Each structure stands twice: as C-alpha cells, then as structure tokens.
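Going by Swiss-Prot, these are the annotated features:
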type	residues	note
MOD_RES	Leu14	leucine amide
Amino acid sequence: LDFAKHVIGIASKL
C-alpha cells in the first residue's frame, strides 16, 4: 500500500 511506502520513507529520514 502507498501508506506503507510513506511510513518507510519517513523511517528512512530518521
């Protein structure tokens, strides 16, 4: 899901 991808993107920023 796109939502999961968004969460992964945020986690990558951290």
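Backbone N, Cα and C define each Cβ position, glycine as well.
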Neighbouring C-beta atoms (10 Å sphere around the C-beta of Leu14 (leucine amide)): 4
Collapsed DSSP category at Leu14 (leucine amide): coil
